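Colleague: TrEMBL lists these features:
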- A:40-271: domain 'ABC transmembrane type-2' (DOMAIN)
- A:12-29: transmembrane segment (TRANSMEM)
- A:50-69: transmembrane segment (TRANSMEM)
- A:81-104: transmembrane segment (TRANSMEM)
- A:125-151: transmembrane segment (TRANSMEM)
- A:157-180: transmembrane segment (TRANSMEM)
- A:192-212: transmembrane segment (TRANSMEM)
- A:247-268: transmembrane segment (TRANSMEM)
Amino acid sequence: MTDIASQRPIVRSRFGIMHYLVCLKGILIREGLRYLNQRERFISSLVRPLLWLFIFAAGFRQVLGVSIIPPYQTYVLYEVYITPGLCGMILLFSGMQSSLSMVYDREMGNMRTLLVSPFPRWFLLVSKLLAGVAVSIIQVYAFLFIAWFWGVKAPPLGYLLTLPALFLSGMMLGALGMLLSSLIKQLENFAGIMNFVIFPMYFASSALYPLWRVQEASPLLYKICLLNPFTYAVELIRFAFYGQIEWTSLAVVCAFTIIFISGAIIAYDPSRGLVIKKQEGGTN
Amino acid sequence: MGTNAGLRNIHDKSMPDASLPALDLASVSYAYGKRQALDNITFSIQAGRFAVLLGLNGAGKTTLFSLISHLFATRHGRIHVFGHDIDRKPGDALRRLGIVFQARTLDLDLSVQQNLAYHASLHGIRAREANQRIHDLMKSIDMSDRLHEKARSLSGGQIRRVEIVRALLHEPSLLLLDEATVGLDIKSRATILADIRKLVEEKGISVLWATHLIDEVSHADQVIVLNQGKLVANGPVSDVVKNAGAETINEAFSRLTGIVALQTGSRV
């Protein structure tokens, strides 16, 4: 910014691509540092799906048999079936954790430092979203690593091929979290998110049981599962493990990602946003 | 804060846009629902001036800062920062603004260095350049040795000074400070105020200093008084005092805001 020869200031008229990358890198590093500083967050993010895998899945293995359904070409253990759902669970909780941290940042004032950056608001929010997704994907692979020792193994290439599916699903769920963060007035309201968003999304999906079983048990629940974007995220991940693309899931996940991101950008836009209404009565 | 060679001249008044008002508000109003927080506020601050925004709690100072820093959209009226409309060209305006918020905004779990580097990245400043500026600015406030400590370990006054360093990292032309000395002891308050005044004198940076503490006003300052969302005075201290029919700025502020003069020790 300062010209060394003349020691005169140079006022940049516009940011170039390098400046955007510097900004993105800074947001990624900060999110990573915060994550490293919260070891209990890392541990709890792993304990939750591992409990499901080690206890729930082992216990229900005999009760919940899974027939041969795509993408599986043979009978699979229940642990294998629910692993993509547990990956989705990590992304879902991580997305909501980001939502929680944004509400916390807003209450503590840290959010302001981000929002007064001269970069476009949409870019800042997408960068923050990318940082959150990067952290959650690391959690997923840590879980898959442990699951591998438990005997839950996907084709080796599947671990690589599922990365884009994890990324897209993480973006969708992270964007949902970001949108929700704009609607949550106080940190205390986060419990409501658990009850009204996370649990219904998780249980009313194909994460724990195949949809044909749901349909047999309750046609209404089956329809709800079909309306749940989390179902499509799980199926996208499930097929990706076997090197396949489930096109409907891909389309739905992409569509909801765009919808949620757009909603979050609008909500955080000072001229149209909902966040501004949260300030009512809180400023002087 | 002002002995730093790295910053010398970067706030030079010869900057291309220095002839424009640093800040220009025209008929700015804002309401939270039915409650009018700001009502038809108009004033300007010339480049290189130290302006004090005086008002009691609830006068509308923070709302005004939120509008100037584009946290809120200006629905009525216009705000220009060195000629750049904050709503139409927020990037250009925000690039020239350094902001110290009333609430502490350092991430307490990160080190001072990490906090400052994060802010630098939010302004697109590359790591090498950012590290140099961080080093220079922290040295100028004699806090180089605290760079790698967690922000949580700093005192309230030190956090404030780091926040001011952070606000200066991207070399702004206009510095906004919202109640920057609230909650600090007398020594910390005096140090911070002196640091900021030095910046104005030596670097030609413009400052809008919001406070409710009269003793932070100096003779040469421009004073802007807000009361219940309305602008009730604007001008040099002497004019504000004279127009209020008072003898001191303390008395003038009391009259303008309708309070009994309780504060003592005013220097003006």
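Cβ atoms here come from the backbone N, Cα and C positions, even for glycine.
These numbers come from a predicted model, not from an experiment.
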Colleague: Please give the sequence-distant neighbours of the transmembrane segment (A:125-151): residues at least 6 beyond its ends with Cβ less than 8 Å from one of its Cβ atoms.
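Modeller: Same-chain contacts beyond the ends: 23-24, 27-28, 30-32, 35, 42, 45-46, 49-50, 53-54, 77, 79, 83, 86-87, 90-91, 94-95, 98, 102, 114, 159, 163, 166-167, 170-171, 174-175, 177-178, 261, 264-265, 268.
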Colleague: Restricting to CB pairs under 8 Å, which listed stretch, A:12-29, A:157-180, A:192-212, is in contact most with the transmembrane segment (A:247-268)?
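Modeller: Most contacts with the transmembrane segment (A:247-268): A:157-180.
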Colleague: Within the same chain, where does the transmembrane segment (A:157-180) have neighbours whose Cβ lies under 8 angstroms from its own Cβ atoms, ignoring anything closer than 6 residues to its ends? I mean 6 or more beyond.
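Modeller: Residues 87-88, 91-92, 94-99, 102, 125, 128-130, 132-133, 136-137, 140-141, 144, 193, 197, 229-230, 233-234, 236-237, 239-243, 250, 253-254, 256-257, 260-261, 263-264, 267 contact the transmembrane segment (A:157-180) from elsewhere in the chain.
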